[in-house]
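What follows is a set of notes on a single structure, which appears directly below.
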Amino acid sequence: MERLSGCRLRPWMLLLLLFPVQGRQKDSGSKWKVFIDQINRALENYEPCSSQNCSCYHGVIEEDLTPFRGGISRKMMAEVVRRRLGTHYQIIKHRLFREDDCMFPSRCSGVEHFILEVIRRLPDMEMVINVRDYPQVPKWMEPTIPVFSFSKTSEYHDIMYPAWTFWEGGPAVWPLYPTGLGRWDLFREDLLRSAAQWPWEKKNSTAYFRGSRTSPERDPLILLSRKNPKLVDAEYTKNQAWKSMKDTLGKPAAKDVHLIDHCKYKYLFNFRGVAASFRFKHLFLCGSLVFHVGDEWVEFFYPQLKPWVHYIPVKTDLSDVQELLQFVKANDDLAQEIAKRGSQFIINHLQMDDITCYWENLLTEYSKFLSYNVTRRKDYYQIIPRRLKTEL
């Protein structure tokens, strides 16, 4: 005991003490050994991150800025602006200026809120921020140019930033969220209240999904639900592009369901949409087990969420989904432990302060690569802080 007391526990050991893996006691010949072994390996390799100074995400900033270590020249920036790959912003003497054009004004407003929150601590700089759904800088593009986008795949060099949706700007879901999901700090409180009303033991053990057909990758789950409704309750809802029942796989569109009502279910599915799905972070706060389909599209906080530690990874074609659902139903304690870790990560590391902190760190580091002094464009206007938004 004396020797043990003097040993330094590695982070993964501490994690196992906090969240013991019940499955470790199962027979090695268990039907579910493959999945249990994956969980054990994931926990052994997992390094919990600090809550200080949003340090969880420093690696993301470093990786995204690596292509620009040779410097960002005035000529390079002029080319980005000329191509109109996003909205051009300038920060000069702690004031924010912008060109008049913005494709989605509410999205720009959501971005501007966070920049204005930290602008007193930022040096002069300029940047192009893309508020479209899709990234703009494929890796084959030469030269690599700096464009900020909220989401990307490994095939892009875009610099990720926390999406406008943490404050405002959609996506609109009629009639539940006509102006978007609203402020993240307020919505998370609603979700946590709902989670408290639906503890694990009271949740429905049918897997659940409601969403529009923004990607055909969602089809197999809808079809499985029609075949086995006790296993999965999944239906398509309408979106702005809906024209006929063909857009909901031959069935009438289901009604939209408020995200707080998702908390009634143990197992919740997340799919990509056009890009990364905005629902992902919300699902964890239900205290439910998140099934994350595919790993291609990411936002800035995704890399620190680990498969088998915080969520159940599902193949893009959903070929493994039935077996995974059978596994979690047969190993309820394991499922609950993963759900707890996922929920705690979002609670601890994706607070509004973390979003603001990320913006500050990102822009501060980015500014170091500008190889010239920024000159204000005369036709740009100053963005003034607006009155605090509190509506959902």
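Each residue, glycine too, has its Cβ placed from N, Cα and C.
Note that the coordinates shown come from a computational prediction; the quantities given were computed from them, not determined experimentally.
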Of 69-72, 141-144, 149-152, 389-392, the range Swiss-Prot tags as motif 'Prevents secretion from ER' is 389-392
If you consult Swiss-Prot, the disulfide counterpart of C108 among C56, C102 turns out to be C102
Among the candidates C7, C49, the one bonded to C56 through a disulphide according to Swiss-Prot is C49
From the list C263, C357, Swiss-Prot names as the disulphide partner of C286 the residue C263
For Y177 (UDP-alpha-D-glucose binding site) and C263 (disulfide bond), the CA-to-CA distance in whole Å is 18
Taking every pair from Y177, S212, R218, V274, A275, A276, S277, F278, R279, which the record gives as binding UDP-alpha-D-glucose, the longest CA to CA distance in angstrom is 22
Among D133, R218, A275, S277, i.e. the recorded positions, the one with its Cα nearest that of N373 (N-linked glycosylation site) is D133
According to DSSP, C56 (disulfide bond) sits in helix
